[in-house]
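Listed features, source TrEMBL:
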DOMAIN    B:16-415  domain 'Oligosaccharyl transferase STT3 N-terminal'
DOMAIN    B:518-568  domain 'STT3/PglB/AglB core'
TRANSMEM  B:12-34  transmembrane segment
TRANSMEM  B:113-133  transmembrane segment
TRANSMEM  B:139-156  transmembrane segment
TRANSMEM  B:168-185  transmembrane segment
TRANSMEM  B:197-227  transmembrane segment
TRANSMEM  B:239-260  transmembrane segment
TRANSMEM  B:266-284  transmembrane segment
TRANSMEM  B:296-322  transmembrane segment
TRANSMEM  B:358-378  transmembrane segment
TRANSMEM  B:408-428  transmembrane segment
TRANSMEM  B:449-469  transmembrane segment
Amino acid sequence: MAQISFAHSCLLYASAVFLLCFQIAEVAALSVHGLKTLVVYDKRVTDLEDYSKFFNDLNKRSYELQFSSVNENVSDIQLFRGEERLFDNLIVFPVKSRQVSKGFTAATLLKFFEEGGDILTVTSPYGLTESVRTFLNQLGIFPSPRNHELRDYFEEGNTTSIHFSSSGTLNPTVFSPMKSANLSYEGSAALLDNRDLLIPIFSAPRTSFTKDPKGGDDWTVGLQGYTVVGFQNLHNARVSWVGSDKFFGNSHYNDNGEFVQELAKWTFREKAVIKSTGFKHKHIDGTSYDELPYKVKDSITYEIGFSEWNGKTWIPFNASDIQFELKMIDPYYRLKLLPVRKSEEAQYYSTGNFMLPDHHGVFTFLTEYQRSGLSFVTEKDVKSIRHLANDEYPRSWDITNSWVYLTSICSVIMAWILFVILYISSSSAMNVPAEKKIN
Amino acid sequence: MPEAKSYNLQWLQILLKTAIFLAITGAAVSSRLFSVIRFESIIHEFDPWFNFRATKYLVSNGFYKFLNYFDDRTWYPLGRVTGGTLYPGLMTTSAAIWHALRHIGLPIDIRNICVLFAPAFSGITAWATYHFTCEIKDSSAGLLAAAFIAIAPGYISRSVAGSYDNEAIAITLLMVTFMFWIKAMKTGSIMHSTFAALFYFYMVSAWGGYVFITNLIPLHVFILLLMGRYSTKLYSAYTTWYAIGTIASMQIPFVGFLPIRSNDHMAALGVFGLIQIVALGSFVKSQVSWEKFKTVMVLSLLLLIAVGVSGLFVLTYFGYIAPWTGRFYSLWDTNYAKIHIPIIASVSEHQPTAWPSFFFDTQFLIWLFPAGVFLLFLELKDEHVFVIAYSVLCSYFAGVMVRLMLTLTPIICVCAAVTVSKLFDEYLDFSFLCKKGSSEGVSLRDRTLTFITRVTVCGSMLFYLYLFVYHCTWVTSNAYSSPSVVLPSRNPDGSPALIDDFREAYYWLRMNTAEDAKVAAWWDYGYQIGGMADRTTLVDNNTWNNTHIAIVGKAMSSPQDKAYEILKAHDVDYVLVIYGGLIGFSGDDLNKFLWMVRISEGIWPEEIKERDYFTPNGEYRMDAAASQTMKDSLMYKLSYYRFPSLFNGVEGVDRIRNQRIRQEDIGELDYFEEVFTSENWIVRLYKLKNPDHLGRDLRAVGDFDRNTVKGLKKRSVKKPNLDPRV
């Protein structure tokens with residue numbers, strides 16, 4: 001429950017931030033949260049000029065980018081000032097050095113992520129700093145170590161330059177291409193564990209593997225290696241990892257540009273962000289729980305609204321796989337929510353009328369919509385369903401079976417009265433044979 | 001006390017009786033006020049807290065809502081149909097008193113009414129016992145019995161101020177019912193027997209122990225029938241009582257159809273049938289000759305017994321009559337509960353009584369009791385049969401279960417009063433001194449000797465009575481007046497001190513947690529958490545659902561990761577444990593822990609095994625020698641978490657179990673965080689941590705955080721051992 005309340009509060013927080021941004025600068029409202037972004041890079045591996053197209057696109061979408069290289073003023077790279085989170089987003093380019101700074105450790109990255117900061121991590125076989133690796137490992141992403149390269153001997157020409165089609169995406173929510181493009185990728189691949197929160201976006205080609213050219217074991221083989229991976233935590237913050245810095249480079253931008261932008265949009269929550277606009281459940285005649293608490297076998301209806309962020313505003317969110325659960329430890333009902341009405345902002349879904357189970361107890365009215373790639377929505381309400389009160393059962397004469405008993409009761413009463421009357425009226429005539437007793 | 005002839009003497013007698021009664025009531029009430037004086041006006045123990053909460057609900061919501069009260073703050077998430085599963089007599093009585101007092105312009109806080117309820121009713125008990133004993137012997141025995149019951153510790157144990165329990169009113173009603181029954185049986189008066197039935201109904205509405213009356217009165221009638229003492233008086237008394245009493249008792253929702261469906265009530269029904277047959281038989285007997293009657297009787301008896309017994313078996317077999325309940329079996333076989341229903345055996349008041357407690361609870365009455373029974377045997381009137389049946393049955397039951405001492409106490413008082421008054425009848429008679437010269441044969445020497453004997457006997461009896469009063473006062477003030485919510489203790493310098501950890505912790509819960517927070521604790525504390533902390537509990541002292549209790553027991557006996565899963569599935573936010581190892585409070589959860597294990601083993605024998613919690617030598621230990629299962633269990637960890645830090649950080653000394661607890665055995669607590677520990681560490685509260693936002697298990701999170709703090713870094717990067725992703 002705590003998890004849910006956390007997710008809920010995170011959602012609230014996110015929407016509060018959003019509202020704030022909305023009021024301050026309507027134009028800037030691209031993401032559901034702020035756009036203040038820190039870019040951490042290493043001058044030794046990264047020349048920012050090579051990525052100008054990528055950053056220009058971000059700038060065009062009014063991101064406030066702040067570039068910090070790890071080569072000078074390392075102490076400037078601070079994600080927090082005291083308890084306050086300084087940035088909304090973080091982009092980490094490959095960093096060659098083992099350590100960056102005290103303000104940029106795996107623990108601070110985890111904290112940044114936990115508190116709702118989105119992170120785009122780019123690593124390369126030559127730039128994978130310890131803090132980023134530890135951070136990714138905690139997420140269940142295990143990028144290949146230093147010097148390991150993704151290779152594919154079926155590639156023509158350079159075997160380290162991998163090509164795969166953008167239509168092979170593993171998660172259409174994060175990215176579904178307008179037209180298929182051939183993405184070029186050069187770098188490392190990662191192993192993933194089986195966590196549900198991981199969102200694989202592209203796997204390495206079937207014929208590829210990751211290995212240190214100097215020898216050693218394979219790190220990944222074939223489809224078990226992944227090149228682009230997303231992750232969304234329970235607070236709906238997102239991380240994505242790409243094992244190739246050249247992937248973002250200007251040279252490949254014609255091919256990769258569309259995907260890279262979509263990935264950035266997903267990571268920084270410009271898209272695939274949904275929320276619930278609130279739920280309502282009530283008796284079918286419209287009386288609410290507060291006016292008349294539920295009792296067993298009452299007919300009620302449940303309605304919930306869903307909105308999706310389209311980059312400018314909240315629009316109705318359409319889906320056909322949202323479910324409602326009425327549960328008390330185990331679900332008593334699992335009902336498909338069907339669209340009923342629409343407002344400008346939200347699509348409303350309803351269970352229609354249904355009858356509460358013939359079982360009293362404290363039930364949870366739960367809508368849990370957690371789909372890989374979309375933000376998680378959990379709406380939960382704990383309400384008790386009482387038993388029938390003593391006067392809410394049908395009266396005995398309403399039950400036809402009881403008529404035979406009622407008749408017998410009545411007849412006994414009548415017979416008794418009759419007997420008493422007869423006895424009293426005839427007692428004077430009766431002769432008590434007192435002397436008959438012999439023994 | 002023989003009725004005086006002269007008018008003036010009669011007045012004097014009435015005056016004296018009134019004075020004596022006032023004194024008895026005064027003694028009864030004042031000795032029960034020790035708890036208020038020593039501690040404060042507070043509801044005691046566990047069950048009273050529920051009764052108090054239910055009474056408050058009744059007072060603020062009215063009877064209709066109370067009758068249909070569905071409590072969603074206990075037994076989460078099942079809830080409890082409280083209105084239909086309680087005995088409403090106690091609550092309705094105190095609510096009636098509250099309303100009545102308010103009506104006459106005396107608005108009194110409902111808590112004070114509840115606290116002073118039991119002392120007030122003890123006065124009425126004394127009055128009922130007086131009348132009961134009057135029927136058995138005479139009014140002098142009655143006055144003695146009233147005085148005894150007023151201060152006997154066996155009854156006081158459940159009726160001190162603050163002990164707002166069903167028994168507080170039930171013993172009063174028990175005695176009133178019996179009083180009316182004896183009167184009805186003696187006179188055949190329908191009015192008295194209707195009163196007996198009405199008070200029986202009141203008793204049914206107040207305490208589950210009404211089954212005792214349901215069985216004792218039929219037993220009395222049955223014995224009388226066997227003794228050939230059938231009379232029309234008995235017939236009219238019993239049939240009236242049974243018909244009205246049964247129909248009335250079925251109006252209590254919790255009882256419902258039990259009187260015609262449960263085996264516990266079958267005796268009453270059977271005797272009701274039997275007395276009809278006997279009535280018919282005696283009618284036939286009066287009409288026909290003896291020889292004819294004999295054959296008719298033998299044949300019909302055989303037929304009836306066959307039909308009756310086979311009918312009972314068939315009905316029980318097909319489930320029309322509920323089989324005997326577990327509590328009933330445990331009355332006959334003291335080991336039954338321990339094997340089959342650990343939840344019943346785990347209650348301390350269901351344990352067999354130790355011999356000293358008989359003396360402790362009734363002092364010299366206990367040895368006068370058999371004498372009284374013997375004296376009644378000598379006379380053996382119809383009503384004496386009742387007292388004898390009561391004594392024999394209850395002596396047995398009191399030996400089986402401590403709590404049934406309570407029902408034995410009244411009859412002990414009655415029998416002892418019969419003995420004492422008989423003794424005084426014989427020996428307190430000094431009239432021979434005045435009859436000078438009337439009897440020539442009695443010499444001065446004989447008279448002197450008689451005088452000395454009588455003075456010795458009366459003097460020693462008076463001394464015993466004095467000792468009795470002294471003992472009762474001492475026991476009441478020292479043993480039975482502690483509210484058990486607040487524990488008495490002594491400072492190092494010997495001055496009295498109070499340990500108030502329970503209320504401290506409950507108050508913390510009340511002020512610092514969400515209103516709908518769910519607290520998991522062993523069921524003993526359910527009512528207190530509900531009453532004092534006002535938080536939702538999983539299980540409480542009602543113990544109606546063994547499986548639900550076993551769930552909590554399983555969580556407490558499992559390693560923390562499993563326990564976390566179980567508790568999360570039940571939406572638990574906090575876990576409360578009682579730990580007495582620091583202050584020396586022996587009633588803590590670790591001492592009850594084996595019951596948790598046993599109860600959950602009853603449901604999940606594959607997962608929880610009692611043997612695993614003992615050392616290989618079969619010892620129940622907490623120190624380095626404890627078994628790994630014990631060290632892993634949640635109860636162990638929650639009890640001892642941070643405990644060694646009070647000592648040297650390595651090893652702590654548990655004062656209850658006299659064992660050294662090592663830090664390395666306690667280990668890390670990754671799934672729970674400590675939020676509150678009371679002053680003397682008696683109550684410890686833990687919060688369930690939120691699930692990790694990254695989906696890691698919490699142990700991994702804990703390990704990661706500890707390594708980060710230590711600054712451990714992996715130098716070489718090894719390929720992780722992962723399952724293939726599908």
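Along the chain as shown, the residues are counted starting at 1.
From the backbone N, Cα and C atoms, a Cβ is placed for every residue, glycine too.
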Arithmetic mean of per-residue pLDDT over the domain 'STT3/PglB/AglB core' (B:518-568): 92
Long-range Cβ neighbours of the transmembrane segment (B:408-428) (under 8 Å; 6 or more residues past either end): 125, 129, 132-133, 136-138, 140-142, 144-145, 148-149, 152, 154-155, 171, 174-175, 361-362, 364-366, 368-373, 375-376, 387, 390-391, 394-395, 397-398, 453-454, 457-458, 461, 465
Beyond the flanks of the transmembrane segment (B:266-284) by 6 or more, those residues with Cβ under 8 Å of it: 214-215, 217-219, 221-222, 225, 230, 232, 234-235, 238-239, 242, 246, 259-260, 293, 296-297, 300, 304, 308, 312, 321
Close approaches to the transmembrane segment (B:239-260) from elsewhere in its chain (Cβ under 8 angstroms; 6 or more beyond its ends): 67, 83-88, 181, 184, 190, 193-194, 196-198, 200-201, 204-205, 210, 214, 217-218, 268-269, 271-272, 275-276, 322
Intrachain residues whose Cβ lies under 8 Å of the transmembrane segment (B:296-322), provided they are six or more past its termini: 258, 261-263, 266, 270, 273, 277, 281, 284, 288
Per Cβ pairs under 8 Å, the stretch of B:12-34, B:113-133, B:139-156, B:197-227 packing most closely against the transmembrane segment (B:358-378): B:139-156
For the domain 'STT3/PglB/AglB core' (B:518-568), the number of residues DSSP places in helix, strand and coil: 32 helix, 6 strand, 13 coil
